[in-house]
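Listed in TrEMBL for this protein:
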type: TRANSMEM; residues: 6-28; note: transmembrane segment
type: TRANSMEM; residues: 40-60; note: transmembrane segment
type: TRANSMEM; residues: 66-88; note: transmembrane segment
type: TRANSMEM; residues: 100-120; note: transmembrane segment
type: TRANSMEM; residues: 126-147; note: transmembrane segment
type: TRANSMEM; residues: 159-180; note: transmembrane segment
type: TRANSMEM; residues: 192-209; note: transmembrane segment
Amino acid sequence: MASLSFIIGIIGNVISILVFASPIKTFWRVVKKKSTENYNGVLYITNLLSASLWTFYGTITPDGLLLITVNVTGAIFHLIYVTLFLIYAPRDKKIKTAKLVAVLDVGFLGVLIAVALLAIHGDTRLTFVGILCAVFSVIVYASPLLVMKTVVRTKSVEYMPFLLSLILLFNGGIWTFYALLAKDYFVRVPNGIGFFLGTIQLLLYARYWKPQKLKKMSENLVEGWQHDQPLNNSSLISSPLPKRSAD
C-alpha cells in the first residue's frame, strides 16, 4: 500500500502541473499576435532554472522520484515558454533574453551541477543543492509581490486572477504537507512561504474584489441623485492600470 507521503506527492504533482500550465493562455496570445508585447521573460527563465535545480536535487535525495517527475514536467513547460519568447520577442529583447538564458539556465546551472558532483560529497552535497533550490524557490514564490503591490495601489484585482492565486495556495500547502511527512526541510521552507503568500493574495482578492467597486458606484449614483446634478463619469472609474509586464 502506498504511503501517505507518496499519495500527497502525487496530488502535489497534479496541482503543480496546473501551475506550470497556467501561462499557456499568455503564450497562445503571443503566438497568435506573433509578438511578446509587454510581457517579460525573466520569470520563465528563473522558473526553468528552479525546476532544473529541483530535478537535480531529486536525483541525489532518497525517495526523490516525485520531485523528479514534477520538476522535469515543469522544466519542459518553461523550456517551451522560453523558446516561444525567444522566437517572438523584438530583436533587442530577444538578445537580452538569450544572454540571460545562456548565463542562468546553461552556464550557472552547469557550474553548480559540476561543483556539486566533483567538489562536494556525501550529505554536504545534498545540503548544498537543497539550500540553492530553496533560495530559488523563494525567489519564484516572491514574484507575486509585485502583483500584490499593484493590487493595493490600483485597488483592482484585474492582474491577479483568483483561480491562479487559489492554485498557488493549494500548491504551497500540499508540498508543505508532503515535506512534513517526508521530513524534507528544503522542500518545506519555500513551500511554506508560498502557502503564506498565497493566503495573502486571497485576502487581498477578498479586499479588492469587484463587488466593492459596484458598491462605490451605487453610492456615487445615490449621491448624484440627492444633489440633483449630473455625475462626473471619471468618479466611476478606478485609477488607470499600468501596462502589463508579465503573466
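Glycine residues also receive a Cβ, built from the backbone N, Cα and C atoms like all the rest.
6-28 is the stretch from 6-28, 100-120, 159-180, 192-209 with the greatest number of Cβ pairs below 8 Å to the transmembrane segment (66-88). Looking at which of 6-28, 40-60, 126-147, 159-180, 192-209 has the most CB pairs under 8 Å to the transmembrane segment (100-120), the answer is the stretch 40-60. When Cβ distances are compared across the two stretches, the transmembrane segment (192-209) makes contact with the transmembrane segment (126-147), since 3 or more pairs at least 6 residues apart fall below 8 angstroms. 159-180 is the stretch from 40-60, 126-147, 159-180 with the greatest number of Cβ pairs below 8 Å to the transmembrane segment (6-28). Residues of the same chain lying 6 or more positions beyond the ends of the transmembrane segment (126-147) and with a Cβ under 8 Å from any Cβ of it are 43, 46-47, 49-50, 53-54, 56-57, 60-61, 112, 116, 120, 159-160, 165, 168, 172, 185-187, 189-191, 193-194, 197, 201.
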